Amino acid sequence: MEYSTRGDHTTGGLKLLCKLAVLLCLGAAAANGQLTDDYYDYCCPQVYRIVRSRVAAAMKAEMRMGASLLRLHFHDCFVNGCDASILLDGSNSEKFAGPNNNSVRGYELIDTIKADLESACPGVVSCADIVALAAKYGVLLSGGPDYDVLLGRRDGPVANQTGANSNLPSPFDSISNIIKSFRDVGLNATDVVVLSGAHTIGRSRCVLFSNRLANFSATNSVDPTLDSSLATSLQQVCRGGDDQLAALDANSADAFDNHYFQNLLANKGLLSSDQGLVSNSDDPAVAATKALVQAYSTNSQRFSCDFGNSMVKMGNISPLTGSAGQVRKNCRVVN
């Protein structure tokens, strides 16, 4: 909704109308306590344009940023719920937890978006909602589905570095353990496969998969579930050190599609947790995950639809709503 300045609306009157709209919107939300798809329609209708334009500009400069924003949202939601606790600075910052340190990116872009929104709609849009919307546009502008993001999250007051170290699924975990981590936050085995499909975009550091390239086991130097030609090319990449990058989805690193699942069936999954969805016959969970991988490998529309649904579910992990939490003015510190 936009307000007209025609007729008797003075500048002061317009500002008053806007303030009343914000109070009405936030008051209704506090009473409801639920995430909705129209939360900012009256409070800050510019939010979508502002977030999308900043994400688009960042991805034009570096296409990889779309995947980074998606990962930022994931790593936020699995610790304390989707409350932007990952953005907080300080000695207990989640940024310095093992899974996040020198790995999770996009903090500066979120800061820029927040500054724009504070200028347009002061004190209205939470950092948690910015992270959720930025992830949505990271997916959409990579060619992925245009799913609806439910909004109305509030920002958490504390970070949880210990939780980040213990709650986030690891690329070295078995599929059964990853499924357990998902179930602990209200997700299921289907969500594991679907959200693993986020690896259709982005890149990974060598430190997260180099264990598959040499001295893998007593009987195999290289992980036998890794395609030999891919292993050779990755060995070349990782000679540069643990921080060298390789595409999570070989030959389709920046396009959101179902090629990731086709790769898994050809033993071209980069991370152990990727390839494990189809290749670890010793894990009782893999029969079901492999069937889903096979289905998505031939049906991109089904993957896109399920991905949107799983993102909405993930975005609804323990959000703070109503009068809980706060809307931070600066995403890095509490008010």
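Here the Cβ of each residue, glycine as well, is placed from N, Cα and C on the backbone.
According to TrEMBL, the protein has these features:
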ACT_SITE  H75  active site, proton acceptor
BINDING   D76, V79, G81, D83, S85, E94  Ca(2+) 1 binding site
BINDING   P169  substrate binding site
BINDING   H199  heme b binding site
BINDING   T200, D249, D257  Ca(2+) 2 binding site
DISULFID  C44-C121  disulfide bond
DISULFID  C77-C82  disulfide bond
DISULFID  C127-C331  disulfide bond
DISULFID  C206-C238  disulfide bond
DOMAIN    34-335  domain 'Plant heme peroxidase family profile'
SIGNAL    1-33  signal peptide
SITE      R71  site 'Transition state stabilizer'
One of the recorded positions H75, D76, G81, C206, D249 has its Cα closest to the Cα of C127 (disulfide bond), namely D76
Argmin Cα dist to D249 (Ca(2+) 2 binding site) over the recorded positions S85, P169, C206, C238 returns C206
What are the non-local neighbours of V79 (Ca(2+) 1 binding site), defined as same-chain residues 6+ apart in sequence with CB under 8 A from its CB? S85, I86, E94, N160, G163, A164, N167, L168
Beyond T200, D249, D257, what residues of that chain have CB atoms within 8 A of the centre of the Ca(2+) 2 site's CB atoms? G197, H199, I201, S252, A253, A255, F256, N258, H259, Y260
I'd like the number of other C-beta atoms within 10 A of the C-beta of C77 (disulfide bond), please. 29
Take the Cβ of C44 (disulfide bond) and count every other Cβ within 10 Å, whichever protein chain it belongs to. 23
Run through D76, G81, D83, H199, T200 for me and report the binding-site residues whose CA is within 10 Å of the CA of C238 (disulfide bond), in sequence order. none
For D76 (Ca(2+) 1 binding site), find which of the recorded positions C44, C82, P169 come within 10 Å, Cα to Cα. C82
What recorded positions in the list C82, D83, C121, C206 lie within 10 angstroms of H75 (active site, proton acceptor), counting C-alpha atoms? C82
Output the one of C82, C331 that, of all these disulfide-bonded residues, has the highest number of other Cβ atoms within 10 Å of its Cβ. C82
Integer Å distance between the CA atoms belonging to C82 (disulfide bond) and R71 (site 'Transition state stabilizer'): 13
Additional residues around Ca(2+) 1, ordered along the sequence, whose Cβ is within 8 Å of the centroid of D76, V79, G81, D83, S85, E94: H75, C77, F78, N80, C82, A84, I86, G156, A159, N160, G163, A164
